[in-house]
Amino acid sequence: MSAAGKLQVLKMGVSRRGSSLNATLKAKDVRIQLDEEFEKENGYSFDYVLVFQVHDEAAELSEQQKKFSMRTILQHVARGGIETKMFYSTDRGHVFCKLRATLERLAKEADRIDYKVEFEPTELRRIAETGYEEQNIKKIVIKDEHQVSHRDPFQNIFAKFDVEPRLYPAYRKYGHKQIPFRGVDRIKLLLNIIKTRGEGGCGLNLSELLRDKCLVAAFPLHEPEELNKLRDKWFSWKFAPWQQPLWDIKDYFGEKVGLYFAWLGHYTTWLIAPAIVGCLLFANVLVEDTADSVLVPYFGLFMALWSIFYYEYWKRYNSTLALEWGMSTFEEEELERPEFDGQPTISPIDGSEIRYFSPQTRFRRIMGSLFFISMLILLVVGVVAGIFVFRYAATSGKWKEMFTVNGTQLGGAAASTVNAIQIMVMNNVYSTVAAKLNQFENHRTDTEFEDHLIGKTFLFQFVNSYASLFYVAFIKTSVEGHESCKPEGHGCMDELMMSLGIIFILRLTSGNFFEAGLPWIMKKLKRNKKENSLYREPSTIEKQLELDVYDQKGTFDDYNEMIIQFGYVTLFVVSFPLAPAFALFNNFFEIRIDAHKLVNATRRPDPRGAQDIGTWGTIIDLMGSIAMVTNVALVCFTSRRTTANLTDHERLWLFVCVEHGLILLKYVLMLVVDDEPHDVTLQKQRSSFIVNKIVNLIADDDDEEMAKGNQVRVDLTVFDEDI
């Protein structure tokens, strides 16, 4: 071909590529305009993202990856009426698919599942005071003449969303476009559309798609404006534990996360009193040069009363938050987990289609899990026994000289350090095993799933975390003799103080390092690597993908960490009175570390509702009762100073009387202190009444009106006899 011909072909190619480029740019401009119009009209943009891997043609895919290709998944998404927008990552290795639902689609889903929304008090009052005469519902005028409650009668009223326009003006509105759904509501509804099988849903199980690597990631998108407002309110070193922006937290991350920070703030606030008293007692310990102080019994009594009131007032605070956040009946209305595996059948209650899983099968699976857990607990007991053999060898046996430095015996400290490391390692191993066993049991709702996981985890971690302390406190002198505890004459109180102090402090420092320090180091290393490899700045969503995943168990690990700490603070506190002070100091930073993790270091988690803290509350209550027993036992049996003049028989009787007295006192106080404040109970009754009348349109039972409407002519003649 001549040079002129080659030039002509080249010009034609450039012209075609130019046309294609122009078409692409035009389509991009149109899409940007459509997105801007959507956001202007609705007040929000995309809420969720799915991330797909771009595979090479030669890549080997699993059967599930072939079955649920990107095209197939997007077809499911489109079937649910969800709008999408896709783009490539900077390295062309991933495809990001942003998701959103129109306001009409969200309203339709909210109506289908009876999603609860809050009413605007002023507008609800107006509707109530108007009444519905055609439905035989009179005007509702509520007056509190005796000031029984400080709440507005129409405040904190939540009810199922209805698409009919009658109630739309009464729903609380959010954002500059005044729509009835917060960002957290939109994400919950969008996820429900994605997971629902049939009924216009997408029928996608995101957990399985992630597990089978059909998806790289799936997470809600951060809203920069709202996130910055939350960051400004939350990230201040000046605020006290009781001053957290809880309503902003639950409106952005969901009620479950909000409730965790409410509990953590409550727990930290209540630690102030025992921290002060404990520091004063520790000063006395330093003066007397032994943990076996004469003030120990009084501190034990103080901590027993503290644990009772702390939990009773938490229940009251919890019930208040549940009312104000619309969560009072959450567990009654909770939807099934997508992972729940059951046979399709017809409900014997209302005839609807449900998924059924045999209780007998679940029982067998639970029994299998318990057997496996029992074996692990026996393993822990064996490991702890081995550590105490090591302790004996290092303090009194053949290794005694090896662990003596400049006349100071370090064997006990070395054994306590090994014990602390063993506790952390075994806890991490068991957490993975417990999650697998819990999944195997196939629980119906997220609440059921988490409650059973909490039970398994606590059973193991109680033994793993506290077994060595129980040994030192109550068993060591029987096995090794009284002379094994130094200094003699004080039982094992000093050794228990040292063991608890080392384990507790190591756990606090290592926990903060793994939770805050290590992620910060990894983030720095990852950022340096990215800066050296990228040829253009990644998008905001790509940066969110690079963040750590907030654990799928949600707040589980955060609660677990704090509950184990609560055990160290209460179970043996008379031997180490500084424990509450260390916990208070740690929790002051823990609140901020957990807040930083959520806001800056992890992807936004899927929002979840929560009525209470679940089985964690039961465990706190149980630990408080156990702490009464252990601390009384420490005073009566382990301490040799307080009960020095008593015989073993008298010590036993003293223990039984004091322990029974404290348990009785606990249950008396539980009866005296209501689980929820009176105004909360009253407002729940008001809410039920108002919802029945205004939302459900249940007619009045008006006997007087019925009597007037049924006046007919009646024959009242009475004869002397039957004729």
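Residue numbering: from 1, along the chain as shown.
Each Cβ is built from the backbone N, Cα and C atoms, and glycine gets one as well.
Sequence annotations record features per position, and here TrEMBL assigns domain 'Anoctamin dimerisation' to 46-235.
Taken from TrEMBL, the feature domain 'Anoctamin transmembrane' covers 249-686.
Residues annotated as transmembrane segment in TrEMBL: 260-283 (among others).
Here the transmembrane segment (295-313) has long-range neighbours at 266-267, 270, 273-274, 277-278, 281, 284, 493, 570, 573-574, 577, 617, 620-621, 623-624, 627-628, 631-632, 634-635, 639, 642, 662, 665-666, 669-670, 673, 675, meaning same-chain residues at least 6 beyond its ends whose C-beta is under 8 angstroms from one of its own. Per TrEMBL, transmembrane segment is recorded for 295-313 (among others).
Marked as transmembrane segment by TrEMBL: 370-394 (among others).
Look at TrEMBL and you will find 496-521 (among others) tagged as transmembrane segment. Through the fold, the transmembrane segment (496-521) approaches residues 291, 412-413, 416-417, 419-421, 423-424, 468-469, 472-473, 548, 561, 564-565, 568, 572, 575-576, 578-579, 582-583, 586, 589-590, 593-594, 596-597, 601, 634, 638 of its own chain, all at least 6 residues removed from its boundaries and within a Cβ separation under 8 Å.
For 566-585 (among others), the entry in TrEMBL reads transmembrane segment.
The transmembrane segment annotation in TrEMBL covers 613-640 (among others).
Within the same chain, residues 301, 304-305, 308-309, 312-313, 316, 624-625, 628-629, 632-633, 636-637, 643, 646 sit at least 6 positions outside the transmembrane segment (652-673) and bring their C-beta atoms closer than 8 Å to a C-beta of that stretch. Per TrEMBL, transmembrane segment is recorded for 652-673 (among others).
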Cβ pairs under 8 Å only, please: of the recorded stretches 370-394, 566-585, 613-640, which one is richest in them relative to the transmembrane segment (260-283)? 566-585
